[in-house]
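What follows is one structure encoded as structure tokens, with my remarks underneath.
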Amino acid sequence: MSDEFDAVVGKVRARASPTDDERAQLQRVADAVMADAEAAIADLPVEAEVVQVGSTARGTWTAGDRDVDVFVCFPPSIDREALEEYGLAVGHDVLPDGREEYAEHPYVVGEREGYAVDLVPCYAVENATEIQSAVDRTPFHTRYLQERLDDNSAAEVRVAKQFLKGIGVYGSDLRTRGFSGYLTELLVLEFGGFRAFLEAVADWHPPVRLDPDDHGSETFDDPLVVIDPTDPERNVAAVLSETNVATLQHYARDLLAEPRVSLFTEDDPCPFEAADVEAAVSQRGTTPVALRFAAPDVVDDQLWPQLRKSLDGLCSELDRRGFEVLRSAAFVEDDSGKPETLDTESRGRDVVLLLEFAVAEQPAVERHEGPPVHVREHASGFFQKYDDNSEVAGPFIDGDRYVVERQRAFTTATGFLSSAAVYDVGLGQRIESALENGYEVLVGTDIAALADGFGVDLASYFDPKP
């Protein structure tokens, strides 16, 4: 089995390694971007250092990647407003057709000769514990890994990244909530190679804590904790979801048991057509309800947390009302979970919140229990509240409690989701505003209309894989 595993990894290693021409071309573009940034800095009233960061700087990028990350490091003495002003000035000078995006502060993204370029301002702090913004850590990450990676370990990292991409858990964006490049590199170094990493993962019992430099003292409530060797108060795996940890464990065991190249290849399911959706809904015998609306004008890393919060709020309230949610999901049009292309933004896209009900309809009345009769003050209040209410049955005593049977506000999940009551469930702020602008409710086989635009999402939903 070892020979078979090594043969598979050898093929992937060769495929994932950029050619000499790829390396030279990317570095030529990176050098040109950095030179232009240095020229733009010369016109500013402050000095700054330009550094290349990320996987392309560390030699751990995989063949076909076309991303260049350049940071402009300003003195910590300037204030945040000046950092943003100077950073955007350099960004727009270097990338005149670029656009601004926002994380903790704005930066410029654009394109140079077919390469996606991020030009990000940060503070040139002495060490990562003195950071003033989250991105200030990045140059420290690059230096830390450059000192520890050699050609062989970099190749092992590329294999690991290709595997994580193949099983759909690579990327620290808030849609994926997977493994970042930096986290992947630390894990491969920690265990000494790709196979050793998989063997360790296969036996993990989360929560798992790793501390590469043995200097962390903070406690984190995450399934995987990897103490940042440049900042002992940070968990590098903080974004990583419990589901993605479990997914990695599943496929680590799978690959070790049956080595094959196919696990290293991203494979979106064949999109469902409308007829496929109708057949799936009919076969399951459930009641799916979809809310479709225009996405708010925010970047995906702001959109996805709000979608999850909104789904959680809706599911909790519907469960409380007796409507059993079997499963739920959020879809964003033109978003397959891969990093956004340069022309992909939230504006102009549709969003779907899908809730599938095992129980979608309830009788007209519901049971409402009061306190035990022996809890005199509360029991008396409950009795008096309903005693003269002709719209309820009771109060009567069942066991030791007062009980009434009262009319339900909503007898169907669809009725609730079509009403103003949805705004009382703790929706994400921007999702609430988007719904207030109007939304469409699709029920049962009518959700087949979503196949045009969400076919891959629906295929993944109705035919789920680990």
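Every residue, even glycine, has its Cβ placed from backbone N, Cα and C.
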Of the candidates LYS11, LYS161, the one that Swiss-Prot places in the CTP site of SER55, ARG58, HIS141, TYR170: LYS161
From ASP20, ASP21, ASP118, the one annotated by Swiss-Prot with ASP67, ASP69 for Mg(2+): ASP118
Cα separation, SER55 (CTP binding site) to ASP69 (Mg(2+) binding site) (Å, whole number): 9
HIS141 (CTP binding site) - helix vs strand vs coil (DSSP): helix
Set of same-chain residues at least 6 away whose C-beta sits under 8 angstroms from TYR170 (CTP binding site): LYS161, LEU164, THR176, GLY178, PHE179, THR184
Cβ neighbour count within 10 Å of ARG58 (CTP binding site): 22
Assigned element (helix, strand, coil) containing ASP118 (Mg(2+) binding site), judged by DSSP: strand
Cα proximity to ASP67 (Mg(2+) binding site), best match among binding-site residues SER55, ARG58, HIS141: SER55
Residues that sit under 8 angstroms from HIS141 (CTP binding site) by C-beta distance, when 6+ apart in the chain: VAL53, TYR182, ASP228, THR230
